[in-house]
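Marked as domain 'G-protein coupled receptors family 1 profile' by TrEMBL: 39-290. Residues or ranges marked as transmembrane segment by TrEMBL: 23-46, 58-84, 90-118, 130-155, 194-219, 240-263, 269-292.
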Amino acid sequence: NSSDLNPSSFILASIPGLEASHFWMAIPLCSMYVLAVTGNCAVLFIVKTEPSLHAPMYFFLCMLAAIDLALSTSTVPRILSFYWFNTREISFGACLVQMFLIHTLSAIESTVLLAMAVDRYVAICHPLRHAAILTNAATLKIGLVAMARGVLFFLPLPLLLLPLPFCKSRVLSHSFCLHQDVMNLACANTTPSIVYGLTAILLVMGLDAILICLSYILILKAVLRLASWKERLKVFSTCIAHICVVLAFYVPLIGLSVVHRFGKDLAPLVHITMGNIYILVPAVLNPIIYGVRTKQIQRRILNLIHIYKN
């Protein structure tokens, strides 16, 4: 069948037996999306309008906010359309574009998290050189490198899938398109796609995770050299927000990878839930974490609330 060589569309996953509840299930998803958009837009606005926050760490935070906005907006509106209007089909081209955006933006976020870890390392271990090493120009270059790295590593993923024939079921296991999910529906040799996808993830997310851990080992060594526990806690507390953001990114990523590799027999609810957590939880938590841990952001938010009330 020639149509199998280039499918016109894929079918987004639904939870068997709960189709009638899709409308209500989408409400918490929509609420989380609104919270993510509001929180990340607030971070971008506050950093832009607060001169005291014009520093590398907060520029990296703005990059995270922009990435989270792009990642959630490239997926959640389509998911809500599926839940509320039962538009289960997504075109082959749109699926590949969405897949590219998800993996590329995740790679960029991983690189930015590594840059933030290096920022914390330099600030704690080499405080006198911090301003000279991490200048605004250097921060901009790091952002551009993160973008180029994500695009170059993950652009081949949809290109490797483009010529493959699809003669199996067109039903995905998530409410959006991921490389592993689409690849599993192909009825040809997917070894090049498997090898490249695994290599890209290990060289980007895997390497970044190792380097982040190494940064914190060096930070811990420097902190433990301080004389008192009070000083140690004060210095290390500047890393708490970043550690929480790293966990909010990598824990859902690892969970989703484990479900894909070893959870083929799990209920569809598990796949869909893990996918939604991966897309939305970091975008919701990141602005909250930095809002709680950063006094300047807290103060600015309280000022905005006070102005709004008056």
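Just so it is clear, glycine is given a Cβ too, placed from its N, Cα and C backbone atoms.
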* How about the transmembrane segment (58-84) and the transmembrane segment (269-292): at least 3 CB pairs under 8 Å, pairs 6 or more apart in sequence, or not? -> yes
* **Spatial neighbours of the transmembrane segment (194-219) far in sequence, C-beta under 8 Å, 6+ residues away** => 103, 106-107, 110-111, 113-114, 117-118, 120-121, 124-125, 149-150, 153-154, 156-157, 160, 179-180, 183, 236, 239, 243, 246, 250, 253, 257
* Sequence-remote contacts (6 or more beyond its ends) of the transmembrane segment (269-292), Cβ cut-off under 8 Å? -> 13, 15, 18, 29, 32-33, 35-36, 39-40, 42-43, 61, 64-65, 68-69, 71-72, 75-76, 79, 102, 109, 173-176, 178, 241, 244-245, 248-249, 252-253, 255-256, 259, 263, 298, 301
* To do: State the mean pLDDT for the domain 'G-protein coupled receptors family 1 profile' (39-290).
  => 91
